[in-house]
Amino acid sequence: LTFSLLSVSLLVSFGSSMLYGYNLAVVNSPAVHIKAFYNATWSQRYGHELTPGPLTLLYSLTVSIFALGGLVGSLLVGMLVERYGRNGALSRSALLVLLAGGFMGFSRELGSPEMVIIGRSITGLHSGRLCTDPSSQLSPLHPLLQGAGEGFIFPIGSVEGIFICLGVFAAQVLSLPELLGEDRFWPFLLSVVVVPAFLQLLLLHCFPESPRYLLIERNDVCGATKALHQFLGTPDVQDVIEEMKEEQRSLSSMEMVSVWQLLRDRSVHWQTLSVVVVNAGMQLSGIDAIWFYTNIIFENVGIPVSQIPYTTVGTGIIEIIAGLIGCFTIEKVGRRPLIIIGFCAMGICSAGITVSLLLQAALPWMHYVSVACVVGIIAGFCMGPAGVPFLMTAELFTQSHRPAAYIVGGSLNWLCNFAIGFIFPFLQMSAGAFCYLVFCGVCLLVALYVYFIIPETKNKTFMEISHIFA
């Protein structure tokens, strides 16, 4: 019934979600080599090396520019899908990744740090598409094919989260000294992104366009019917066609609100505030600092340098396991418990890192506690805050308000991602061990907000949720 749909979902996730996770973690291990390259290039150009402050600034920009590209990409995705369709938008995004891989792969040969920064920004532009829900274009209205789908053994809507974890893990494995972790290989490590992008570009032509796009946007009933035949593997798709026609009629008579109208609409004031708090908190929780600067964090907590790459790979395995647990329990446990437990675990573990850093001089075994706390932050994030905010955003609003809500949530995600990636090295230099208390405070405040303000949204209609907020 769902083989073709599952294949498309896996292909899209492999070429987008996995790349997103890979680019989050890939700059962690080669940080020393990239900084050495920046220093050598600067010395060749200007006759002197960079001082620590400007070097940290330049590297922080390299790390965080990915998020600014993501912000631009998230704002453009609607226009691209509307103009070119799902397959067309994905193909153009894959071409961007090939361009970015070329910039980063040849940056050292051409002695150009600017090419690394440009390549990172372009990969961010590609990843910005993840701020929307690709499964809404992939899934016809068949109930088994939407979200986690009651009775469906494989939750298609959660595939992205798993592939993000796999992308992070792939970056950690390829960064091992035995593979691409040595100095001469770091440009190849950054440009590995071209492989999944090329495969996606190659295989996209084997699948039909989104039935929903063909019927609702192009009014191509014949094309939508053929696509549904291939996706569902059944000759009888008339019921699904009628449902999509009804959706088309509903959307044509519906006035979509803008972001400004959403922010001024008092009837959804608490829902909008909840989207702001949860999405900003997800990025300000410290998870991006963990992904971007894992090696630096482990070095500061006392892990021997030779063991850091393998310790990082271990955290990646835990991350995948936690992501799978969250993926397959969300429909049973509910959204609210997962996100509260996740943020509380992250907050406690952030405080634990501070305590272990302060005590490690007196108690050498405390660096093991620090590693356990880092693992706890990653596991807590992957089990709840990683995917629940996007799902809750869809459930808190009607269709007329939902696109604007996704723009608000997605923009905050990328802006906070940029802020953490850029500021964390300076925060760590100035506050030392106490910098993690900032993340602890954010996590606990978000958990309290969700506990007191946001209701459980599972199996509730918009009217029921709105009444609870009122």
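Backbone N, Cα and C atoms are what each Cβ position is placed from, and that goes for glycine too.
Annotations in TrEMBL come from automatic prediction, not curation.
Annotation source TrEMBL lists domain 'Major facilitator superfamily (MFS) profile' at 9-458.
Sequence annotations record features per position, and here TrEMBL assigns transmembrane segment to 57-77 (among others).
Look at TrEMBL and you will find 152-173 (among others) tagged as transmembrane segment.
The annotation transmembrane segment is assigned in TrEMBL to 185-204 (among others). Through the fold, the transmembrane segment (185-204) approaches residues 11-12, 14-16, 18-19, 22-23, 26-27, 29-30, 33-34, 37, 87, 90-91, 94-95, 97-98, 100-102, 104-109, 116, 119, 123, 126, 171, 174-175, 179 of its own chain, all at least 6 residues removed from its boundaries and within a Cβ separation under 8 Å.
Under the heading transmembrane segment, TrEMBL lists 308-330 (among others).
Residues or ranges marked as transmembrane segment by TrEMBL: 337-359 (among others).
Per TrEMBL, transmembrane segment is recorded for 365-392 (among others). Residues 133, 147, 157-158, 160-161, 164-165, 274-275, 278-279, 281-282, 285-287, 290, 294, 297-298, 301-303, 311, 314-315, 318-319, 321-323, 325-327, 330, 335, 338-346, 348-350, 352-353, 355-357, 359, 409, 454, 457 of the same chain lie 6 or more positions beyond the ends of the transmembrane segment (365-392) yet place their CB under 8 Å from a CB of it.
The transmembrane segment annotation in TrEMBL covers 404-427 (among others). Remote same-chain partners of the transmembrane segment (404-427), defined as residues 6 or more beyond its termini with a Cβ less than 8 Å from a stretch Cβ, comprise 56, 59-61, 63-68, 70-71, 74-75, 128, 131-133, 256-259, 261-263, 271-272, 275-276, 278-280, 282-284, 286, 288-289, 292-293, 296, 389-390, 393-394, 396-397, 435, 438.
Positions annotated as transmembrane segment by TrEMBL: 433-454 (among others). Counting only same-chain residues 6+ beyond the ends of the transmembrane segment (433-454), those with a CB under 8 A from a CB of the stretch are 270, 274, 277-278, 281, 284-286, 289, 336, 339-340, 343-344, 346-348, 350-351, 353-354, 357-358, 392, 424, 427.
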Long-range neighbours of the transmembrane segment (337-359), counting only residues six or more past its ends (CB under 8 A): 278, 281, 285-287, 297, 300-301, 326, 329-330, 366-367, 369-370, 372-374, 376-377, 379-381, 383-386, 388-389, 392, 432-434, 436-437, 439-444, 446-447, 450-451
